[in-house]
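As given in Swiss-Prot:
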| type | residues | note |
| --- | --- | --- |
| BINDING | Asn127, Thr177, Lys181, Arg298, His330, Ser382 | substrate binding site |
| ACT_SITE | Lys179 | active site, proton acceptor |
| BINDING | Lys205, Asp207, Glu208 | Mg(2+) binding site |
| MOD_RES | Lys205 | N6-carboxylysine |
| ACT_SITE | His297 | active site, proton acceptor |
| SITE | Lys337 | site 'Transition state stabilizer' |
Amino acid sequence: MSQSVSERTRIKSDRYESGVIPYAKMGYWDAAYSVKDTDILALFRITPQPGVDPVEAAAAVAGESSTATWTVVWTDLLTACERYRAKAYRVDPVPNATDVYFAFIAYECDLFEEASLSNLTASIIGNVFGFKAISALRLEDMRIPHSYLKTFQGPATGIIVERERLNKYGTPLLGATVKPKLGLSGKNYGRVVYEGLKGGLDFLKDDENINSQPFMRWRERFLNCLEGINRASAATGEVKGSYLNITAATMEEVYKRAEYAKAIGSVVVMIDLVMGYTAIQSIAYWARENDMLLHLHRAGNSTYARQKNHGINFRVICKWMRMSGVDHIHAGTVVGKLEGDPLMIKGFYDILRLTELEVNLPFGIFFEMDWASLRRCMPVASGGIHCGQMHQLIHYLGDDVVLQFGGGTIGHPDGIQAGATANRVALEAMVFSRNEGADYFNNQVGPQILRDAAKTCGPLQTALDLWKDISFNYTSTDTADFAETATANR
């Protein structure tokens, strides 16, 4: 008896039987998989729904973030499906957690368009985060292979070139955010910039939500800021700047503001993370072509980065932003008012500043990674810091960082210039003592260094007296899984 055409051509494999079969049996789980150098690796923190096997949950994440849908489709056979399927290859229980797992997943590099964060993220953090079989999902870390990294430009300027332009080495840079962030006129805004820079800061900056509101349009702000910068540079003989926020409703307007900032003499522009990945990459290309520093405010990141069980760990955002080409990114303070476990913050800073990453589980770094000659990105510490914490800031954050004292400059009782001077004197005293071998992080030694410096600097003494009891000792919501962290300010 002759067979029908459909019977003769049917694939004799359970994998391609019509209907719904488990993701693990569809090829998205392979415990024996040998990771390739060209694979993009992702580590997810998975909380399966009750009754869902963690291996099946990991396979589901692999499938739904690559080639799978909810049922078998015969068009898989028209592709190199075995190659293109993401492979979950390892599942480990999370230490000190119940029914939560780390899932390691490998993706074929050809699944992603070159130099496109939007395409990369459309798969890795796309529909899969709403998958019903998983009650919570967090992207903890990624390894981007050398071959894919080389398609991205990375920071246009980087740490070394920025220091060359400022002629400033061996010390953190000093900045401040103009306060109040909203409501000032252009003239008063420019005055804040001038006073802060003349008092000793390297930079002033716009805050995340100052764009072009009725009380001060962007062009007015830019012109008054540049007047303050030029006057302060002439008075001090130092290179100065102010981060001009060019974030706008459309890319056409962003480019318009960027071109104007360049035309009037600014050397740096600023954008917000909420602009989106395509917009960030686009203006980063412009910054490289126009020899401008690009500062990124991480506005909005805590909506998905702060909670430990769901979202995206900020270390992944750091990797993506370094790839995209920003020169600065806010990355935490440890001791300030914003979320910041010391070990986690050190991990973020390592990702931004090192050329090669080693596995460091206490810091939350799960993969080795070579940055493929992409330049280093300058971390920015901002949010609730003051000069009395200088020994802690230098200890935790090192030299390659911009320390931004907004309220800690502009809130000084004797005025903005006095606040800037207090920060400059505190920084220089602490760096000098450190270089002389002092145990500056010691709870007695560090504060004494500041008190000694304040004997010849009235503004510093005033600042220390005002903020001596201010600290933000709250337990972080995002802490290391493989080490315990002491309270940051102890």
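Every residue gets a Cβ built from N, Cα and C, even glycine.
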His297 (active site, proton acceptor) versus Glu208 (Mg(2+) binding site) - Cα distance in angstrom: 6
Of Asn127, His330, Lys337, i.e. the recorded positions, those within 10 Å of Asp207 (Mg(2+) binding site) when Cα atoms are compared: none
His297 (active site, proton acceptor) and Ser382 (substrate binding site), Cα-Cα, nearest whole angstrom: 10
Which of Lys181, Lys205, all binding-site residues, has a Cβ with the fewest other Cβ atoms inside 10 Å: Lys181
Least buried by Cβ count (within 10 Å) of the recorded positions His297, Arg298, His330, Lys337: Lys337
Pairwise C-alpha maximum, in angstrom, for the residues (Asn127, Thr177, Lys181, Arg298, His330, Ser382) that bind substrate according to the record: 37
Local Cβ density at Thr177 (substrate binding site) - other Cβ atoms counted within 10 Å: 25
Spatial separation of Lys205 (Mg(2+) binding site) from Lys181 (substrate binding site) - C-alpha basis, Å: 10
Candidate nearest Thr177 (substrate binding site) in space, where candidates are the recorded positions Lys205, His297, Lys337 and distance is Cα-Cα: Lys205
Neighbouring recorded positions, C-alpha within 10 angstroms of His330 (substrate binding site) - of Lys179, Lys205, Lys337: none
Assigned element (helix, strand, coil) containing Lys205 (Mg(2+) binding site), judged by DSSP: strand
Using Cα positions only, nearest of the recorded positions to Asn127 (substrate binding site) (Lys179, Lys205, His297, Lys337): His297
Inter-residue C-alpha distance, Lys205 (Mg(2+) binding site) and Lys337 (site 'Transition state stabilizer') (nearest angstrom): 19
Residues that sit under 8 angstroms from Lys179 (active site, proton acceptor) by C-beta distance, when 6+ apart in the chain: Val192, Asp207, Gly406, Gly407, Ile410, Gly411
Least Cβ-crowded entry, counting other Cβ within 10 Å, from the binding-site residues listed as Asn127, Ser382: Asn127
